[in-house]
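Beneath this line is the structure, given in structure tokens, with notes to follow.
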Amino acid sequence: KGKCPEDGWDESTIELFLHELAIMDSNNFLGNCGVGEREGRVVSGLVARRHYRLIHGIGRSGDISAVQPKAAGSSLLNKLTNSVVLDVIKLAGVRTVTSCFVVPMATGMSLTLCFLTLRHKRPKAKYIIWPRIDQKSCFKSMITAGFEPVVIENVLEGDELRTDLEAVEAKIKALGAENILCVHSTTSCFAPRVPDRLEELAVICANYDIPHIVNNAYGVQSSKCMHLIQQGARVGRIDAFVQSLDKNFMVPVGGAIIAGFNESFIQEISKMYPGRASASPSLDVLITLLSLGTSGYKKLLKERKEMFSYLSSELKKLADNHNERLLDTPHNPISLAMSLKNLDEANDAAVTQLGSMLFTRQVSGARVVPCGSVQTVNNYTFKGFMSHANDYPCAYLNAASAIGIKKQDVDVFLKRLDKCLKAFRKEAKQEKSVNEINDSNAATEQLED
């Protein structure tokens, strides 16, 4: 049926299935006589076993989705993977999605492929409207495709950074709709930035007849992010949304899913990919989804949501204990931020030092964001880089509850963060005591004089 099974398969069943696919490829035929330049020859048995002897990759020279006659098994693998992934995207919340394909590139390059496809539809266009998110790959995806990003600064609402819809519409009018390739919006992001106002952006895109590409990097794991995409497509225009395989399905880095609501446009994107492609990302995600089944994946999504609530409540307690606060970002369903105001005021270098301390204590993924850092990316200068705004009111620390996180991860992180913050407080007290003694000595000397 081309759907993800409800109950996961055991490993021996999956291996048997993959071996059956592999013997359909010509390089594994006993009497095969290959006289071409690409015959699926692999000199290392270890490499052959690592890929289950599925050596031909996917697609043909002109189309990544095309069937390769001498690689029937690999072609079937490709078709099945795309079908199973489509089923899981529907299950995750985008019910009306019609087409998708796995591409062996990470999210940034997959976005570039979408922009290059749109170039043929809108030859006059040179600008991409981009509500600011301080993440280099999504910014570079536009530069690499040869377009000029038009950065729309976010607006501060409480602690949250949200889409400035008025600025988006004003920029469209100023530049002219025909000169804009697309609006490039974002769902999953680091707090205090929250997902873009997708429904309103989709309506603007529909009104001005401008394509809309969504960076949904790690949004499949969030029912809220997927709901935003579903609603955006219902009330307005979303042409394609791109998500990472590793972040959403816990497989090695190297693949993404490009999905959309117009099958012919998604096929156009797949045809834009030049040549054949590695089957590894497709193989990895198919094995993973067959082993999990829909019940297993739903369980992971449920656990992630529970861990988000737990991380949120425990991080708030820790923040209160250190006279800081958990920033109020209810529209971000994955990432949290805790202020580091006292740390920042005590010492300019303390915030970045905290990041180093956490990393050396084997805490990965937590980001510390100081105030006022400036970074240049492809000749564009971003003030307050990493904070998604020129002047965010305070320094802060990020932590995320992503798919696969366990209670133990949260507990160990909080314990180590608490120790680091206590060390800073102790150091600050000692410094204060030294300063008081010095001030007292200076006052005594003045009296004696």
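Placed from the backbone N, Cα and C atoms, the Cβ positions cover glycine too.
Note that the coordinates shown come from a computational prediction; the quantities given were computed from them, not determined experimentally.
What TrEMBL records for this protein:
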type	residues	note
BINDING	ARG38	pyridoxal 5'-phosphate binding site
BINDING	ARG60, SER61, GLN68, ARG276	substrate binding site
BINDING	ARG234, ARG361, LYS426	tRNA binding site
COMPBIAS	435-449	compositional bias 'Polar residues'
MOD_RES	LYS247	N6-(pyridoxal phosphate)lysine
REGION	428-449	region 'Disordered'
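Residue annotation for tRNA gives ARG234, ARG361, LYS426. The furthest Cα pair among them is separated by 55 Å. Put simply, ARG38 (pyridoxal 5'-phosphate binding site) is 12 Å from SER61 (substrate binding site) when counted between their Cα atoms. ARG361 (tRNA binding site) sits 47 Å from ARG60 (substrate binding site), counting Cα to Cα.
Taking every pair among ARG60, SER61, GLN68, ARG276, the residues listed as contacting substrate, the largest Cα to Cα separation comes to 10 Å. Long-range neighbours of ARG60 (substrate binding site) (same chain, six or more residues apart, CB within less than 8 Å of its CB): ALA66, VAL67, GLN68, ARG276. Between the C-alpha atoms of LYS247 (N6-(pyridoxal phosphate)lysine) and ARG38 (pyridoxal 5'-phosphate binding site), the distance comes to 33 Å.
Listed in chain order, the residues near the substrate site other than ARG60, SER61, GLN68, ARG276 are GLY57, ILE58, GLY59, GLY62, ASP63, ALA66, GLY275, each with its Cβ within 8 Å of the site Cβ centroid.
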